[in-house]
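Visitor: This structure is in structure tokens; I'll ask about it shortly.
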Amino acid sequence: MNKNIYLHNITKKYGTPLYVYDANKIEYQYKLIKQSFSYIENLKINYACKANTNISILKFLKKLGSGLDTVSIQEIEIGLKAGFKPKEIIYTPNSVSLSEIKKAIKAGVRINIDNLSLLEQIGNDNPNYPIGIRINPHILGGGNKKISVGHIDSKFGISYYQLPHIKKIVENTGIKVEGIHMHTGSDILDIGVFLQGADILLNVASFFNELKYIDFGSGFKVPYKKNDTKTDIDMLGVSLKRKFLFFCEKYCKKLKLFFEPGKFLVSESGSFLVKVNVIKHTTSTVFAGVDSGFNHFIRPMFYDSYHHIDNISNPSGILRFYTVVGYICESDTFCVNRKINEIREGDLLCFRNAGAYCFSMSSNYNSRYRPSEVIIYNNKDFLIRKRENLQDLLNNMIEIEL
Ligand SMILES: *Cc1c(COP(=O)(O)O)cnc(C)c1O
């Protein structure tokens with residue numbers, strides 16, 4: 001069946017606004033990374049689930065062989081519920097309380113610490129619990145300022161200039177270091193940045209003699225536009241091979257290599273389907289107003305992200321310029337003066353690359369229900385999140401008379 005007709009039928013069945021994920025695409029991306037690093041016996045892909053935390057997606061990735069990368073105790077709990085074993089979950093938080101880290105220790109997951117003060121406190125209280133250390137290599141990764149986390153004044157990681165201090169804390173407390181980690185941002189264009197980071201990370205690693213893993217984080221870029229660049233994962237595999245195997249030889253141990261991609265695994269699998277409520281002509285602009293807004297899909301407003309928009313009700317209509325906006329009572333612009341096949345009221349628009357950081361960043365602003373989510377696998381569709389109702393909005397409100 002034609003893909004557009006298929007998506008039309010899906011919205012007839014489940015309504016709009018609707019997130020639709022293609023599980024075959026997730027599987028394809030997962031295998032792509034696996035193959036690019038197939039020379040490493042102990043490769044583990046840990047899906048960064050803040051990109052999309054739906055438990056059915058977590059279970060699907062687990063079935064493919066993935067581990068899980070988490071940033072909060074709640075993500076750990078969802079991961080355990082999805083069936084991941086504690087040692088298959090890695091927890092890399094920032095600015096969380098010592099008590100949350102203690103809960104993670106109790107759960108038995110792997111932990112990456114990114115702060116000297118916490119390292120010392122955990123070392124004092126739990127010296128036998130092996131931990132990883134998140135290093136900030138100070139390389140400039142990341143497609144824009146908001147998603148670049150490796151620069152010198154970033155709040156993430158422990159600066160590699162502070163290696164002497166890390167070593168002193170390890171010596172003083174006797175804490176076991178089992179891993180060295182970095183994650184330098186999202187949307188890294190240049191694999192040279194990864195390789196530069198890898199050199200720094202491996203150098204830091206050489207100072208610790210009980211390591212089990214090296215964790216190169218993520219930031220793999222996917223194309224958002226036609227002819228857009230993407231991380232050449234094959235090329236990265238080839239370039240990293242020599243460095244990593246050489247290091248393991250010197251270290252006299254076959255270390256595990258971890259990656260923790262979020263976006264790379266799920267972004268392109270997702271489509272976000274909305275209906276056009278109104279067309280409005282002003283003195284200078286043609287607006288298409290849709291049945292959604294930044295409450296459901298905030299990346300265009302928050303990061304100035306480009307998301308391709310197709311009019312799947314009129315795919316061969318003449319091209320015209322539209323500013324697509326939402327129904328939120330605030331500026332709510334998905335795109336400005338974009339060429340799209342002629343849009344009519346009632347048409348169905350499809351935002352591409354809506355699998356990562358889209359639903360997971362959605363809210364109930366304006367007291368709107370969040371969208372449903374559907375996953376398609378081998379041409380079969382499955383509802384994986386039902387639409388909310390008024391009771392969901394009222395659930396935790398306490399009604400009192402003052
Ligand atoms: C968000 C995050 C990732 C995933 O980043 P992507 O750009 O989605 O691949 C990986 N590791 C950590 C520690 C993160 O916080």
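All residue numbers here begin at 1 and follow the chain in the order shown.
Every residue gets a Cβ built from N, Cα and C, even glycine.
TrEMBL: automatically predicted annotations, no manual curation.
Found this in TrEMBL, in case it helps:
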ACT_SITE  Cys329  active site, proton donor
BINDING   Gly219, Tyr357  pyridoxal 5'-phosphate binding site
BINDING   Arg299, Tyr303, Glu330, Tyr357  substrate binding site
DOMAIN    19-355  domain 'Orn/DAP/Arg decarboxylase 2 C-terminal'
DOMAIN    25-267  domain 'Orn/DAP/Arg decarboxylase 2 N-terminal'
MOD_RES   Lys50  N6-(pyridoxal phosphate)lysine
Visitor: Using C-alpha positions only, work out which of the recorded positions Lys50, Gly219, Cys329, Tyr357 is nearest to Tyr303 (substrate binding site).
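Guide: Spatially nearest to Tyr303 (substrate binding site) by Cα position is Tyr357.
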Visitor: For Arg299 (substrate binding site), identify the closest of the recorded positions Lys50, Gly219, Cys329, Tyr357, judging by Cα separation.
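Guide: The answer is Tyr357.
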Visitor: Tell me which of the binding-site residues Tyr303, Tyr357 sits in the most Cβ-dense spot, judged by other Cβ atoms within 10 Å.
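Guide: Sorting the candidates by Cβ neighbours within 10 Å, the top entry is Tyr357.
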Visitor: Reported as an integer number of Å, what is the Cα distance between Lys50 (N6-(pyridoxal phosphate)lysine) and the residue listed as 'active site, proton donor'?
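Guide: Here the two Cα atoms are 27 Å apart.
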Visitor: Identify which of the following recorded positions, namely Gly219, Tyr303, Cys329, Glu330, Tyr357, place a Cβ less than 6 Å away from any atom of ligand 1, and list them by sequence position.
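Guide: Going through Gly219, Tyr303, Cys329, Glu330, Tyr357 in sequence order, those close to ligand 1 turn out to be Gly219.
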Visitor: Going by DSSP, is Arg299 (substrate binding site) sitting in a helix, a strand, or coil?
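Guide: Reduced to three states, the DSSP call for Arg299 (substrate binding site) is helix.
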Visitor: Looking only at the domain 'Orn/DAP/Arg decarboxylase 2 N-terminal' (25-267), report the model's average pLDDT.
Guide: 92
Visitor: What does the structure give for the C-alpha distance between Gly219 (pyridoxal 5'-phosphate binding site) and Glu330 (substrate binding site)? Integer Å is fine.
Guide: 31
Visitor: Distance between the residue listed as 'active site, proton donor' and Tyr357 (pyridoxal 5'-phosphate binding site) at the Cα atoms, whole Å?
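Guide: Cα-Cα, rounded: 22 Å.
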Visitor: With Cβ-Cβ distance below 8 Å and at least 6 positions apart along the chain, what are the contacts of Glu330 (substrate binding site)? List them in sequence order.
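Guide: For Glu330 (substrate binding site), the qualifying residues are Phe294.
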Visitor: I'd like the number of other C-beta atoms within 10 A of the C-beta of Arg299 (substrate binding site), please.
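Guide: Cβ-Cβ neighbours of Arg299 (substrate binding site) within 10 Å number 20.
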Visitor: Pick from Lys50, Gly219, Cys329: which of these recorded positions has the biggest number of other Cβ atoms within 10 Å of its Cβ?
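Guide: For the recorded positions Lys50, Gly219, Cys329, the Cβ with the most other Cβ atoms within 10 Å is Gly219.
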